[in-house]
Amino acid sequence: MVRQGVGRLYLILACLSLALHLFLVLFCLSVLQTSCLLQPTSSSSISSSLSGALEALFSHPLYNLPWPPLLEDDWLLKLKPKKKNGEDSKEEEWESDKSYDQANWTSSTETHPPWLSYHLGITRWELYDRKDPNVAEVIQQMATQPILSAVQKSGGTQLKLIVSFPNYGQALLKPMRQGRDAETDVNLFYFSDFERHNAEIAAFHLDRVLGFNRIPPVVGRLINVTAEIRGITTDHKLSRTFYTSPVGNVCFHGQCEYYCTTESPVCGRPQVLEVSLASMLPDLSLAPRRTWRSPWRRSYSRTKLAPWEKNPDYCVKVKETPPYSEGTRLVDFIDMVVLDFLMSNMDRHHYETFEKFGNETFLLHLDNGRAFGRHSVDEPSILVPLRMCCRIRRSTLMRLRLLSLPGHRLSDVMRESLSRDPLDTVAPLLSEPHLTALDRRLATVLQAVNSCMGHHDNVIHDDLEENAAHRNIGQ
């Protein structure tokens with residue numbers, strides 16, 4: 001009798017276990033088979049008040065340093081008086097091209113869409129103010145507003161689209177090409193890798209966490225390939241590349257120099273696709289940019305070495321060459337080197353600045369799609385400019401040291417920052433090994449600076465004292 005009772009008990013437990021497993025399977029299938037997009041994220045969820053490690057970091061004095069007083073020429077754009085009947089108007093209005101004829105924008109900020117206010121906030125010293133509510137609004141609208149048009153961006157080696165929104169805003173779209181956990185094949189050269197949509201998103205967050213504010217706002221989004229690209233595009237070359245894969249997924253490949261064939265397509269699942277959306281900079285007709293060749297540009301050859309790879313004293317020549325011979329250009333470049341090393345970006349062959357500001361301005365940290373390709377290996381060659389030149393901003397070094405402390409650990413801050421992106425509800429934008437790699441690489445940067453300080457004088461560019469002097473002059 002006892003054995004029969006025990007047998008019945010085991011049978012009941014087995015049935016309960018089977019029922020529980022069946023329930024979990026059915027639940028998972030219902031989630032996976034729901035081919036719907038993420039619900040539009042509210043402004044409050046994207047621009048919600050900071051908490052935890054991120055709030056503590058951005059509340060620190062090192063992230064609230066005052067800039068020198070802004071003069072009229074320190075603003076990239078400004079509203080100009082619009083003439084009426086040959087006379088100057090008393091009211092300032094936005095002078096727009098024909099595509100904005102129906103837009104009622106005046107000098108009143110209440111009439112400006114967020115992207116325009118963001119553009120009007122660009123200064124000589126930074127692309128955006130972290131506290132500017134318009135930046136959060138730009139991110140929120142890119143994540144939620146209907147997409148009205150999508151065309152392929154000309155140029156470049158890989159597929160990119162320009163999408164437009166109802167308020168005349170535009171964004172650069174990069175599609176998901178591979179799984180987030182997929183590491184770059186060790187047999188591939190750095191110039192043979194796919195670009196990653198999640199790398200663009202993570203780069204924006206990292207640039208902001210470092211206190212640079214030099215990458216245009218980026219956000220992740222799930223789109224319907226059929227409804228939000230194929231169904232609305234006027235780009236006939238792009239539309240002709242759409243097809244349905246053997247398993248029923250909607251795919252396309254566009255036309256570009258590399259990776260735009262049926263062998264390397266972009267595919268929805270079956271129509272849903274993860275993308276990154278980066279806000280566009282002001283049109284070149286309004287704010288021309290200058291492109292600079294990086295002194296530490298790689299050879300982009302399988303056999304040749306670049307000059308800096310053959311000459312250990314290469315930086316001596318760079319320091320004697322304009323614009324690196326004066327001003328802050330060299331330490332601006334080192335800021336970008338630190339960013340690239342932390343996210344393992346080997347593809348920094350050029351960079352850009354706004355022409356209006358000449359050589360006295362920040363560098364734009366654009367095009368970061370080849371970052372975060374490998375977490376298991378660090379690329380020491382990216383850090384060569386810092387090791388060769390042994391120069392770094394004091395404010396940058398102090399923030400790096402702060403991010404190495406337990407209370408402000410870089411990986412913790414980045415995890416929290418990325419959790420605010422809409423795509424984080426699908427899966428973490430950076431896997432834990434990538435976050436761990438950030439802490440490891442940060443330690444390497446600090447070791448390199450300490451080594452420089454042990455062997456050289458004048459390693460630190462004291463921008464804090466310099467800014468204080470400018471503020472005293474302006475008072």
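Using the three backbone atoms N, Cα and C, a Cβ is placed for every residue, glycine included.
Features of the protein shown, as given by TrEMBL:
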BINDING   Q158, K174, E195, A278, S279, M280, L281, E352, D367  ATP binding site
BINDING   E195, D367  Mn(2+) binding site
DOMAIN    242-456  domain 'FAM20 C-terminal'
ACT_SITE  D347  active site
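On the structure: features taken from TrEMBL.
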residue: Q158; record: ATP binding site; Cβ contacts under 8 Å, 6 or more apart: F194, E195, C256, E257, Y258, Y259, C260, G369
residue: S279; record: ATP binding site; Cβ contacts under 8 Å, 6 or more apart: W115, Y118, V138, I139, M142, G169, Q170, A171, P216, P217, V218
residue: L281; record: ATP binding site; Cβ contacts under 8 Å, 6 or more apart: H119, P216, A287, R289, L364
residue: D367; record: ATP binding site; Cβ contacts under 8 Å, 6 or more apart: D347
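Shown are the recorded positions E195, D347; the one with the most C-beta atoms within 10 angstroms of its own C-beta is E195. Taking every pair among Q158, K174, E195, A278, S279, M280, L281, E352, D367, the residues recorded as binding ATP, the greatest CA to CA distance is 20 Å.
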